[in-house]
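*Asks:* So TrEMBL lists these for the protein:
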- 18-38: transmembrane segment (TRANSMEM)
- 50-74: transmembrane segment (TRANSMEM)
- 80-107: transmembrane segment (TRANSMEM)
- 119-141: transmembrane segment (TRANSMEM)
- 161-181: transmembrane segment (TRANSMEM)
- 210-232: transmembrane segment (TRANSMEM)
- 294-312: transmembrane segment (TRANSMEM)
Amino acid sequence: MSTIVAGRRLSPPQWTDVLAGAALLALLAVGASTERFLTVANVKAILTSASLIGIAGLGLTLIVIGGTSVSLAISQSVAVSAMVFLAVQSAGLVVALVATIVVGALITGLQGLVVGYGAANPIVLTIAAGFALTGLATGIGGGTSVSPTGTGYTVLNATPGGIPLSVYALVLLTVALQAVLDRSAFGRQLYLTGENRPAARAAGLPVGRVVMVAWVLAGALFAVAAAFSGAFNTSANINLGGTLTFDAIAAVLAGGTPIAGGKGSAWRTLAGVLLIATVSDILLLRGYGTGAQIMVKGLIVLAVIVVVHLRTTRGRR
């Protein structure tokens with residue numbers, strides 16, 4: 001039953017909202033009952049983990065909203081970009097950051113060029129790109145890790161107010177990306193392209209360019225995550241990215257951004273990454289290994305996809 005307030009009709013909460021609230025309360029209850037979960041050190045650990053996944057997730061959000069599925073080469077892109085970041089530290093932090101962002105934007109932007117203008121399958125393309133980047137990283141590093149050639153990277157390990165700098169970066173980038181999506185012509189075109197590419201093309205939108213720009217920006221964000229990751233680890237090799245590809249995908253989808261594209265937001269991704277990081281932390285504190293963590297995160301993503309699908313289907317009736 002709807003209620004009328006100040007001339008507006010308010011609908012009752014949907015069952016999906018109630019389910020999401022119940023799941024959040026359950027997660028908080030499990031966390032509160034987990035030893036060391038509510039300590040300051042652990043909260044900082046969650047935020048640090050969330051910041052790296054979140055920055056990469058913001059980049060992936062652009063790709064997903066544009067209706068071009070996902071990138072399966074995020075981990076490899078981050079690894080190569082981190083190697084570049086540490087290798088050019090002797091030139092100074094600013095130069096290293098610029099070089100890293102340019103490399104990251106080029107790596108993912110080239111893939112976006114093929115997807116946007118060549119209509120290539122993004123899944124197949126990014127798998128191939130991942131293999132190519134693995135070979136490139138192995139060749140650059142000679143099979144070993146790349147160490148920093150200077151000390152400028154230590155600035156990224158700063159903790160203003162006791163909070164890692166990467167957390168501030170995540171918040172600022174989230175606000176900036178949401179502003180781009182909401183207020184720029186590019187943002188509107190990206191949503192329209194993801195919603196219905198043939199219709200967007202028929203309307204005269206530069207679909208190929210929109211997709212490519214989305215991938216270029218995604219690559220730049222992957223590179224920012226790479227810089228922080230390289231700074232945290234003080235070395236980089238092809239394994240640096242770890243499960244970042246899966247975690248970024250999980251964060252975006254867990255935030256409720258549909259894989260089909262045309263919808264989504266930076267705020268949703270931020271919520272999704274906090275959920276994924278918190279779940280991972282709870283499982284780690286309870287002694288579960290990587291396999292169990294991946295399985296649980298996969299189940300969470302599956303549940304969110306089902307709920308979003310049911311909610312969308314109901315909304316069309």
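Glycine residues also receive a Cβ, built from the backbone N, Cα and C atoms like all the rest.
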*Asks:* For the transmembrane segment (80-107) and the transmembrane segment (50-74), decide whether they are in contact, meaning at least 3 CB pairs lie under 8 A, counting pairs 6 or more apart in sequence.
*Replies:* no
*Asks:* Among the recorded stretches 119-141, 161-181, 210-232, which has the greatest number of Cβ pairs closer than 8 Å to the transmembrane segment (50-74)?
*Replies:* 210-232
